[in-house]
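Below is a structure I'd like to ask you about.
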Amino acid sequence: RREKRKMCSLHRARGSVLVIFLLLHSATSFYLPGLAPVSFCEPGQTGKENEVPDCKSTIEIFVNRLDSVESVLPYEYTAFDFCAIDSEKRPSENLGQVLFGERIEPSPYKFEFKKKVDCKPVCTKSYNTNKPEDKAHLDFLKKGMLLNYQHHWIVDNMPVTWCYDVEDGQKFCNPGFPIGCYVTEAGRPKDACVVNSDFKDKDTFYVFNHVDITIHYHVVENEAAGARLVAAKMEPKSYKHTKVEAPDCAGGPMYLNNKFSGELKIGYTYSVQFVEDTHIRWASRWDYILESMPHTNIQWFSIMNSLVIVLFLSGMVAMIMLRTLHKDIARYNQMDSVEDAQEEFGWKLVHGDVFRPPRKGMLLSVFLGSGTQIFIMMFVTLFFACLGFLSPANRGALMTCAVVLWVLLGTPAGYVAARFYKSFGGEKWKTNVLLTCFLCPGVVFADFFVMNLILWGEGSSAAMPFGTLVAILALWFCISVPLTFIGAYFGFKKTGIEHPVRTNQIPRQIPEQSFYTRSLPGIVMGGILPFGCIFIQLFFILNSIWSHQMYYMFGFLFLVFIILVITCSEATILLCYFHLCAEDYHWQWRSFLTSGFTAVYFLVYAIHYFFSKLQITGLASTILYFGYTMIMALIFFLFTGTIGFFACFWFVTKIYSVVKVD
């Protein structure tokens, strides 16, 4: 019977592993958020027998905001006076898209499925530099070309990409394309001007007023009729049409001298062709974009290398801690006489002071509450991202999920803050709850509001509308704050945390410390190891934010998140043990600041990244970069500091509960 039970248990375990594997496999093969494929048919086939009833024949291109690697300020499509359509309703954006400044709207670029189009006119824009309004539009267009602003077009919820050859014969597919380019006064072509040898006139702008669009489609076999779009590629071109009213896509490039004055007409046109692709499935249609991302291979190698180093160091720390602690506990428990106890030294001597309430216990408890809220929010968000719910195909979902989770996690924040404040002997529970509700979120919101004022002043699309700002305040005050009060109520109602040893009435004098056991050197050293395991991922995360590259390796990010938690915990525990052995029992704030100091290294790295990797110019963009970086650093400080404190709290409680105290 035992053998049968073992065999049944083994088969169940194998079955569970198989189910998990299939779930993970399915999660990697399609996007989970319910983004159903759309079928397209040739005009006249819609609604026929054996055809898909809702098969579409018209393909629409939607346009998103324009952004640049040289500026933090994104702008709406209509800000540059391109061809627009006013009659149709704009798609609604979610909270995450609004926060990131995405503004998706319909465009006049529409065409029929499998119908080839050659040099079709969209609109003609006329400018007269003698008119102030026209001159302002033209100057803004030139500014956009000078800063290399990029279009972002969308077809069937998929980015229209510009694919071009890079070094080593590889092809890079950019989910955006420039509005134009500039040749300097010295005759040096900037940015996209290097792609055409005709772009050679000095101090001249070249407008990309024509696009060649290629739509790749896949005919679904053994299913209902219709085709699915699997890729949308384009190539920007510049044509000074012989006749703007009847464009022929011939002649030289559409140029605009920097000192031009007078009248100018720019005709916008496009061409479309369709290519059947039997190799790309609809479920993997984003792969060609993601695989061509720069440094992808470097990222895989670097992350694996980092994980091996961090796991090795973590194993070493764990082995040292377990062996040393085992000897300490065995030695302390073998002491029988009072004389032996008096001769002993080390962490057992401070047992009567180790749980003494820290100074500024109110502030520490508030930080712990906010840090717990951030930790749970990040864990759940990354977990859902790993499952594919927050993929790039589901625009704005990542930020929306994070904000909603933060709002709903007010209860654990209030509970943790109240519980520890009570254990620290605090009695001002109203002040504690109010600070938990408003201190850290208030600092973040104040910073964000100042950044939003700058964006408003610059006319950027990233400026949050007043209605959205009111909605966020309503989420904060009407949902998060009451939930925090509920958590604090249960935290204060519960009995205080019971410590394994009693606290003496008279504080023990701390002996003079050596250099490496003092607070500041330990705090500075404690953040090095956690930062070492994240700085590679940090580079790609900053690239995705400031260089507008897609970030999709959430599986690796989740793994690095777990490694960061382990490393913060072990580094803090190790330093805490050294300080207790040196008879310094002020571990509460030190444990929080030791792992929280990782945020300082993050800030230093962000400054280095700004000066070495980015090409951002302008005072407003610089202020915005550092303003948003300060928000990220504060969140990271609370997150890592909370991990260090809880790890140290568990460690101290554990070791003092297993030794005999007279």
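Don't overthink the numbers, they just go from 1 along the chain as shown.
Using N, Cα and C of the backbone, Cβ positions are placed for all residues, glycine too.
Please treat TrEMBL annotations as automatic predictions, because they have not gone through curation.
Residues or ranges marked as transmembrane segment by TrEMBL: 300-322, 366-390, 396-421, 433-457, 469-492, 523-546, 552-580, 592-611, 623-652.
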Counting only CB pairs under 8 A, let me know which of 366-390, 396-421, 552-580 has the most with the transmembrane segment (592-611).
552-580
Using Cβ atoms and a strict cutoff of less than 8 Å, what residues sit near the transmembrane segment (623-652) while being 6 or more residues removed from its termini?
72-73, 354-355, 364, 367-368, 370-372, 374-375, 378, 440, 443-444, 447-448, 450-451, 454-455, 526-527, 530, 546, 564-565, 568-573, 576-577, 580, 587-588, 591-596, 598-600, 602-603, 606, 610, 614, 616
What residues elsewhere in the chain lie close to the transmembrane segment (396-421), defined as a C-beta under 8 angstroms and at least 6 residues from its ends?
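Counting only partners 6 or more residues beyond its ends, the transmembrane segment (396-421) has Cβ contacts under 8 Å with 33, 93-100, 102, 361-362, 364-366, 368-370, 372-374, 376-378, 380-381, 384-385, 389-390, 429, 432-433, 435-437, 472, 475-476, 479-492, 494, 497.
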